[in-house]
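J.: Below: one structure in structure tokens.
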Amino acid sequence: MLSNLRIFAVNHKKISSLHINNMYCFRIRASLKRIKPHVPLGKNYSSLPGLIGNDVKSLYSVISPPITKIRNIGIMAHIDAGKTTTTERILYYSGYTRSLGDVDDGDTVTDFMAQERERGITIQSAAVTFDWNGYRINLIDTPGHVDFTLEVERCLRVLDGAVAVFDASAGVEAQTLTVWRQADKHKIPRICFLNKMDKAGASFNYAVESIREKLKAKPLLLQLPIGEAKTFKGVVDVVNKEKLLWNPNSNDGKDFERKPLLEMSDPKLLKEATEARNALIEQLQTAIHRVTLAQTAVPVLCGSALKNKGVQPLLDAITMYLPSPEERSYEFLQWYKGDLCALAFKVLHDKQRGPLVFMRIYSGMIKPQLAIHNINGNCTERISRLLLPFADQHVEIPSLTAGNIALTVGLKHTATGDTIVSSKSSALAAARRAEREGEQKHRQNSETERLLLAGVEIPEPVFFCSIEPPSVAKQPDLDHALKCLQREDPSLKVRLDPDSGQTVLCGMGELHIEIIHDRIKREYGLETYLGPLQVAYRETILNSVCATDTLDRTLGDRRHLVTVELEAKPVETSSVVPVIEYAESVSEDILKGSQEAVENGIHSACLQGPLLGSPIQDVAITLHSLILHPGTSSTMISACVSRCVQKALKKADKQVLEPLMHLEVTVTRDHLSAVLADLAQRRGSVQEIQTRQDNRVVVGFVPLAEIMGYSTVLRTLTSGSATFALELSNYQAMNPQDQSMLLSRRSGST
């Protein structure tokens, strides 16, 4: 394996590329017998990435290029827009691979999981490091399926720029909006690549207008297509007034030529290019770079990744218009004064090497055998090895500096979202600097903490089911597998059902649960049994109620006596966490020592509602009275408060809330009526029907409980021609009839 290669010459001396090439070619050839034949042996990457031609570079400069030459970018889009194919072409033209991987053939570099190759979709984000024209590019190919939104979220968190890929025949689609909003949240500069220009129905103008209208972005047209659909053969470079024509006889798209646009031979193209060029704010590339970084506009390019057209200019645009790490403003960096500051944004579990932690280095340097401090976990760990990530293959390196993405081995406790620094004293010094600055700017302490501990928001799961090992003896093995998978995927929740004692899996969708089940079988050799998939309902109350409770218990020679009076009432703001209030009658002296116990009791009571045992949301709990016997333990206080809250919830008028999904179905006109009729049976409400080229897009809402198995039904109804996208919208109240039927089913099954 490439990851087993070790670099011994680390003294930052000048080493001839010939020597390094010979040394690495020998070792790589010896270790590549089990690897696909397209791994390069004679190109740039036969040695360390960064050795181009006969350049003589020090090993240090190869591993840690100047920060101005680094680009940390992500590829993001709606599912099936061509992200992975675009990534494969980028790797091929940069010299990283020797043959063109294909999603349909299941031989792509970044989709290396068995499930990804079988299904033709991206599930885990993959990091790849390569060079292009003297620039180091760390590229992350992210999923487009809504079940894996967290994968996109945690990767965007560490990127400096992104490429948004669009299907030119569809323009902006449902999941495009989601990932675009995620990029907006992290203020990430983007460029747009209108892919599939060769596809039937491709329309450059339609796709650009959809970016303008749906994303509220200002497109900068840096290219125009030459032809569309079957006639697509190249692009016009608007900035340089050139046309780029790909040789139709070239199988791999490497053979293309640049020609100036001339009045005599290209009057129409020249006119269009001139008009597009005049529409740009300025002609200079620095101006485009500036407005891209300011996110006041987005450069737009086009091509067909599958047909190998337009990818090289996309790579040029990445280096020219997207920012280097030092051009991104990270306010928290000033507190560290050049000390190590890194964010763990992903954890993988490897059977041989244990946990592998992906890190974005914001400042300082990482080396093997370095002791680091985890601020979130408040623990110190040691990095045993340091790797450059090459999808599922890795190269061992002696150090890595700020701006890079590293893969570390040896961290046993670090999880996704943890902030890594050089030492505890370094973290305390940074916190003191941040507090001083905060006082000067009248900031709250919470904002200081937010700057220091920048994590990842984890969405709430919407599906759950029980999971059982093949035998009781295998339960520890299952617990271990689930623990490892949870470190990799924080959106996977595992809990123990207190009534049945069963292990319960909670996930983001049918596919999410299915993939987890499959991975437990393949990677951990466990044949597990899944219970029926169930929807994660929630509960609320409709009126205000009061309750009192007293707990009087003597343990040994100590009496514990608590009397609680409280009120539960509905609130309009949607929140899964109860709002906790204290009446003026509650003594501050009593609260000083018991507030934490009171709040723990309230939170614990709201985890299970009286109707279905589902979490309670949209409620406020007001404590009116708390009477304590001296010496009463906090555990008893929590128990009494919890029991009192449950009593109040049972007295109130109760309501089940169900997850409502935002649905978009893209369907041909002749199958539209069948799709609409089916949605009506699923309690769906159609908001609008849009026209997208020759297709119709049905936009609406449907309860999650009614959409299970929808992909199979839709395929049957439309002969496989329709596609759909789902996203959690909100939780809504069930109507009385549906709620009554649900409660009857639940009570009948228990």
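Heads up, the Cβ atoms here are built off N, Cα and C, so glycines get one too.
What TrEMBL records for this protein is below:
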type	residues	note
BINDING	77-84, 141-145, 195-198	GTP binding site
DOMAIN	68-326	domain 'Tr-type G'
J.: Mind giving me a neighbour count for Asp80 (GTP binding site)? Other Cβ atoms within 10 Å of its Cβ, every protein chain shown.
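T.: For Asp80 (GTP binding site), the count of other Cβ atoms within 10 Å is 19.
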J.: For Lys83 (GTP binding site), just count the other CB atoms lying within 10 A of its CB, please.
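T.: Taking every protein chain into account, the count is 29.
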J.: What average pLDDT does the predicted model assign to the domain 'Tr-type G' (68-326)?
T.: 80
J.: If you skip the near sequence neighbours and keep only those at least six away, which residues in the chain come within under 8 angstroms of Met197 (GTP binding site), Cβ to Cβ?
T.: Ala168, Phe204, Pro225, Glu228, Ala229, Phe232, Cys302, Gly303, Ser304, Lys309, Gly310
J.: I'd like the number of other C-beta atoms within 10 A of the C-beta of Ala77 (GTP binding site), please.
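T.: I get 28 for this one.
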